[in-house]
Amino acid sequence: MAITKKMLVVFLLAFLFVTSSVHCSDSTLGIGINQDWKKCFSPDPCKKAGTQGCMEFCRTISFLLFGECTSKPDQCCCVTK
């Protein structure tokens, strides 16, 4: 079975379409498009071990998050940076 030019073009276009739609990120380097994420939880991690406890709590949710303790109201907030 011979591969025709038409089949080759169809395969190439399908390959380009699939590869362009696979990698979608909320952050594009160099352009400055960024969607920050912040979610606050109970103050328990902050009460147990301070900022380090909050940091460890957020890292269990996702390795990309950082934790910070807030005082008004008392909460452990996980944010992206």
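Including glycine, each Cβ sits where the backbone N, Cα and C put it.
Looking up C46 in Swiss-Prot gives a disulphide bond whose other cysteine, out of C69, C77, C78, is C69. Counting only same-chain residues at least 6 apart in sequence, those with a Cβ under 8 Å from the Cβ of C40 (disulfide bond) are T70, Q75, C76, C77, C78. Between the CA atoms of C46 (disulfide bond) and C58 (disulfide bond) there is a gap of 11 Å, rounded to the nearest whole number.
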